[in-house]
Amino acid sequence: MMTVILKTLLGQIQGLSGNPHSTTSRTYFLCFCTSLLHFKVLWVSRLIRKLYMASPSNDSTVPVSEFLLICFPNFQSWQHWLSLPLSLLFLLAMGANTTLLITIQLEASLHQPLYYLLSLLSLLDIMLCLTVIPKVLAIFWFDLRSISFPACFLQMFIMNSFLTMESCTFMVMAYDRYVAICHPLRYPSIITDQFVARAVVFVIARNAFVSLPVPMLSARLRYCAGNIIKNCICTNLSVSKLSCDDITFNQLYQFVAGWTLLGSDLILIVISYSFILKVVLRIKAEGVVAKALSTCGSHFILILFFSTVLLVLVITNLARKRIPPDVPILLNILHHLIPPALNPIVYGVRTKEIKQGIQNLLKRL
């Protein structure tokens with residue numbers, strides 16, 4: 001049934017691709033993205049439940065029905081103080097992304113492929129925040145540390161897959177800017193609504209299928225070393241440490257898959273901007289260079305935020321023995337908050353069309 005719905009939505013988008021300013025096309029696009037994400041999460045949730053029921057741990061050891069999340073093991077007294085800035089960042093991220101989605105939906109001038117991709121980025125940011133932050137705040141405020149076995153691995157899947165989806169979305173946006181600047185006359189025929197719909201399917205399908213084995217491999221492990229996770233979220237490394245099985249292949253797969261996806265996206269982004277810079281530097285008309293670069297400025301800043309926070313997180317995990325264990329935990333949480341909070345603000349401040357759309361939205365209220 002869900003497959004039929006997705007095919008219908010895709011067909012409607014393709015049929016409307018000749019009218020990029022159609023509100024109906026924009027509505028179908030949002031429904032299409034939301035349906036794909038919902039279907040993927042629902043399917044994975046059912047799969048994890050089946051894996052749990054068939055887990056070998058249920059035969060040889062006491063089955064693990066839930067885990068206990070211990071945030072900041074060495075500094076648990078910080079939790080109440082830390083909850084305030086985290087909750088403010090969470091509200092900022094949710095409010096800013098929701099405002100951006102509503103603005104793009106209602107403003108006809110924003111019914112363009114680039115803003116469709118920006119809508120996808122906002123949807124991913126919202127999903128990531130809702131997957132991680134409410135549980136963290138529940139631990140801080142109400143000491144609700146328990147998380148069920150399926151919920152833990154579903155959270156693990158969403159974090160792994162949506163992170164690489166954001167990276168892939170940045171790559172598609174870089175290609176959009178490449179075509180717009182290097183081949184402006186061909187832009188309307190290349191970057192169409194149909195192209196965006198296919199790009200969305202590619203972004204979701206590629207990262208979902210490559211990331212799916214991570215929670216599947218972890219869910220099939222035998223957990224005999226307790227159920228206390230020294231983290232605020234169910235990361236693969238934190239959870240798999242509790243297993244009495246060999247987790248070498250599990251960790252190796254996540255490392256290879258993650259860096260293959262993120263690395264390939266980064267390489268394609270660098271190549272796209274290299275071509276853009278090469279073309280822009282050949283332009284001799286006064287003011288054209290600055291205008292061309294400004295169109296890529298917002299996108300470049302978003303990539304910088306995303307890459308910097310991720311790089312710092314990776315470095316701190318590699319140097320785990322030299323720094324307090326609570327630092328990587330905090331950075332992991334911030335990685336799911338800072339980019340989602342800043343992404344819509346950067347585009348709202350630097351993009352004239354979005355700024356005008358937000359002003360029009362506020363006038364309607």
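Here, residue 1 is simply the first one shown, and the rest follow in order.
A Cβ is built for glycine as well, from the same backbone N, Cα and C atoms used for every other residue.
For 82-102 (among others), the entry in TrEMBL reads transmembrane segment.
Residues or ranges marked as domain 'G-protein coupled receptors family 1 profile' in TrEMBL: 96-347.
Sequence annotations record features per position, and here TrEMBL assigns transmembrane segment to 114-141 (among others). Only residues 6 or more beyond the boundaries of the transmembrane segment (114-141), in the same chain, are considered here, and those with a CB under 8 A from a CB of the stretch are 26, 29-30, 33-34, 37, 69, 71, 79-80, 82-83, 86-87, 90, 93-94, 97-98, 100-101, 104, 147, 155, 158-159, 162-163, 165-166, 169-170, 172-173, 176-177, 180, 191, 193, 196, 199-200, 203, 232-233, 302, 333, 336-337, 339-340, 343-344, 347, 354.
Look at TrEMBL and you will find 153-175 (among others) tagged as transmembrane segment.
The feature transmembrane segment is assigned by TrEMBL to 195-214 (among others).
Annotation comment: TrEMBL describes 256-277 (among others) as transmembrane segment. Long-range neighbours of the transmembrane segment (256-277) within the same chain, counting only residues 6 or more positions beyond its ends whose Cβ lies under 8 Å from a Cβ of the stretch, are 160, 164, 167-168, 170-171, 174-175, 177-178, 181-182, 206-207, 210-211, 213-214, 292, 296, 300, 303, 307, 310.
Residues annotated as transmembrane segment in TrEMBL: 297-319 (among others). Among residues of the same chain six or more beyond the transmembrane segment (297-319), those with a C-beta under 8 A of the stretch's C-beta atoms are 121, 166-167, 170, 173-174, 177, 237, 262, 266, 269, 273, 327-328, 331-332, 334-335, 338-339, 342-343, 346-347, 350-351.
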